[in-house]
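Per Swiss-Prot, the feature active site, nucleophile maps to Cys89. Annotation comment: Swiss-Prot describes His198, Glu200 as active site, evidence class sequence analysis. The feature domain 'Glutamine amidotransferase type-1' is assigned by Swiss-Prot to 6-225.
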Amino acid sequence: MAGVRFGVVVFPGSNCDRDVAWVTRGLLGCPTRLIWHRETDLSELDVVVLPGGFSYGDYLRCGAIARFAPVMGSLKEHAARGGYVLGICNGFQILTEAGLLPGALVRNANLHFICDRVGIRVERQDLPWTSAYPQGSTLTLPIAHGEGRYTCDPDTLKQLQDRGQIVFRYAPVAPNGSVDNIAGICDPSGRILGLMPHPERAADPDLPGQDGIPFWQSILRSFAA
């Protein structure tokens, strides 16, 4: 279904917006609009993506300033009416800062920026983001972050575990020290997803490492169902 309408938010300091648009527009063939952070009209969109990068230079902390951008109020309205929201890397950080997902992303345990390809286990295959993956899949996806260690209080962690909101885990172990090896979580509805790995960087059919392709195909499946 090539009619799924994507929007990719562009903050000052974003640097993965065009990577995402290349996948949604070039690979999936879906209409895709780059949305400047001051825009507020998201009414025609099905999926809004907050991409990776360093929004506002990561001043204060990652995502702390981006949460106040004009587009974020409209994003919350989009989510409230059942729209899909995806946050990748810095986008995940922004979603936690905005309260759309619980917990926080903090400095990596080793205090170093980590740029690598890592093992990622898919914990749920029944979501709009994962249905194209075989049961029990372990992927290889790129990560690139200095503040990617997921943390939350014990009660929140238990809720995430009990409600099945942990979608991706690092396998065999989190390189950044994330609690419970968490690499990505969703809200209770499954329509809002945040993850630190970059599926858009593993989706070019002409390059090695294509484990991100089923991620994007899953989104199309969910709208075709």
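Cβ atoms here come from the backbone N, Cα and C positions, even for glycine.
The domain 'Glutamine amidotransferase type-1' (6-225) scores a mean pLDDT of 97 in the predicted structure. Cα of Glu200 (active site) to Cα of the residue listed as 'active site, nucleophile': a span of 11 Å.
Cβ-based neighbour count (10 Å, all protein chains) for Cys89 (active site, nucleophile) stands at 29. For His198 (active site), the same-chain residues lying six or more positions away in sequence with a CB closer than 8 A to its CB are Cys16, Asp19, Gly52, Ile88, Cys89, Leu141, Pro142, Ile143, Ala144, Gly212. Counting every protein chain shown, the Cβ of Glu200 (active site) has 29 other Cβ atoms within 10 Å. According to its DSSP assignment, the residue listed as 'active site, nucleophile' is coil.
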